[in-house]
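S.K.: Sharing a structure here in structure tokens format.
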Amino acid sequence: MLTMDKEFDSKLTLQGNSSSNGETISRSKSFAFKAPQENFTYHDFELGKIYGVGSYSKVVRAKKKDNGTVYALKIMDKKFITKENKTAYVKLERIVLDQLEHPGIVKLFFTFQDTQSLYMALESCEGGELFDQITRKGRLSEDEARFYSAEVVDALEYIHNMGLIHRDIKPENLLLTLDGHIKIADFGSVKPMQDSQITVLPNAASDDKACTFVGTAAYVPPEVLNSSPATFGNDLWALGCTLYQMLSGTSPFKDASEWLIFQRIIARDIKFPNHFSEAARDLIDRLLDTDPSRRPGAGSEGYDSLKRHPFFKGVDWKNLRSQTPPKLAPDPASQSASPERDGSPWNPTHVGDTSVLQNDGHNGLSESSGSITRLASIDSFDSRWQQFLEPGESVLMISAVKKLQKITSKKVQLILTNKPRLIYVDPSKLVVKGNIIWSDNSNDLNVQVSSPSHFKICTPKKVLSFEDAKQRALQWKKAIETLQNR
């Protein structure tokens, strides 16, 4: 089992060697964490909706039972971390978050652990993800995009001045406070530079992970695909992709697979919509320069050159956080939820409501049930699944997915039929593990999409969370909703 007592304790001692007159001297330096390890268990919290799901972690809304304080609780699976050699990333994220102090970065309050999991209690951003605002509005106005990107620039300047590269800037990692200000989250891929002002573990700034692929495919710069060392320019490329997505509603290199996305990135195959202003087009074009040293913010002028760009004309950089943010588009699924039920565990009326694509998929509602097959992704359907169908029943959509629980996950085959039925099957034992009660009423059966890979199927009695590695979450939503409205 993973041992992280030292890294998650109240004090950390770093060992290092130095040389004096040819002799090697062992030195140590210790510092106290501002966010200490507490003697809590997850039973001390009322766990609510899932904010996000990663490869080895989940972030859930957690209310402390004794005082009512709400946190975003990051729950990390020790076994998976050890198996996948992610220990260094977890340690580094904890150490870095403890030392960062900026209004545009999520705050770490405390940590705790048990035999199975590590827990980090983070600031809860009740406004959801910037990704949500883009999808609910279709795309953002230029004024909205200018405000949000300016706050990202402000936080990135601080991060880079501290000698850190975030390496996973994207709309899903840009969280919003209840009043609408941006906070950068998820430092699980952070990379400290040699001159970092952050106290880190020995060798954290010099190991070979600087050239390792991390981040998200659609936002990865070409130099990373060519195995070049990480630079601050990596984050500036991702900023350009994010600004493009704010203004257009989609990422600039979107394609059907990661391989195709990478080919478009390497070829710099980018098309600007006609509604982009000249200033917006120019800034994005410069941020997406194939030479990372030429991106605004990465050159000798630093962030001054980025802040002076015409796109940011009128931005009051000194008083940015005191400005009035754009109005947040509410989640339609949460409007009918009564206030007193807010935060109740697994409340299907608003579970996961910080990341729902309610505006997507509506174009398919008028299609007949016979045309649903155009939406469906048939994932290696063969005779193994035929045995689970009733006479005359046919498959409309099927995928190998992970069924996610609070801590663990299990591979299942999710099947939607024309009856209609929704079932999930254990692919190894070939037995039905669950039958999701069908209803044409969206109040009794609805799908909530939190990312291209993650979605929830909600019924009055339970909420089932799934991960589709082939990023067909939205297709599942469309297929089910089209069948409901046939």
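Every residue, even glycine, has its Cβ placed from backbone N, Cα and C.
The compositional bias 'Basic and acidic residues' feature in Swiss-Prot is assigned to 1-10. Feature annotation from Swiss-Prot assigns domain 'Protein kinase' to 45-312; the stated evidence is sequence analysis. Residues annotated as ATP binding site in Swiss-Prot: Ser55, Tyr56, Ser57, Lys74, Glu123, Ser124, Cys125, Glu129, Glu172, Asp186. The region 'PIF-binding' annotation in Swiss-Prot covers 78-113 and is backed by sequence analysis.
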S.K.: Quick one: mean pLDDT on the domain 'Protein kinase' (45-312)?
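M.R.: So the average pLDDT across the domain 'Protein kinase' (45-312) works out to 91.
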S.K.: Does DSSP put Cys125 (ATP binding site) in a helix, in a strand, or in coil?
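M.R.: DSSP call for Cys125 (ATP binding site): coil, neither helix nor strand.
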S.K.: Would you please pick out, from the binding-site residues Ser57, Glu123, Cys125, Glu172, the one with the fewest other Cβ atoms within 10 Å of its Cβ?
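M.R.: The binding-site residues Ser57, Glu123, Cys125, Glu172 were compared, and Glu123 has the fewest Cβ atoms within 10 Å.
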S.K.: Please list the DSSP helix, strand and coil residue counts for the region 'PIF-binding' (78-113).
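M.R.: DSSP composition of the region 'PIF-binding' (78-113): 19 helix, 7 strand, 10 coil.
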S.K.: Indicate whether Glu172 (ATP binding site) is helix, strand or coil by DSSP.
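M.R.: The residue in question, Glu172 (ATP binding site), is helix (DSSP, three-state).
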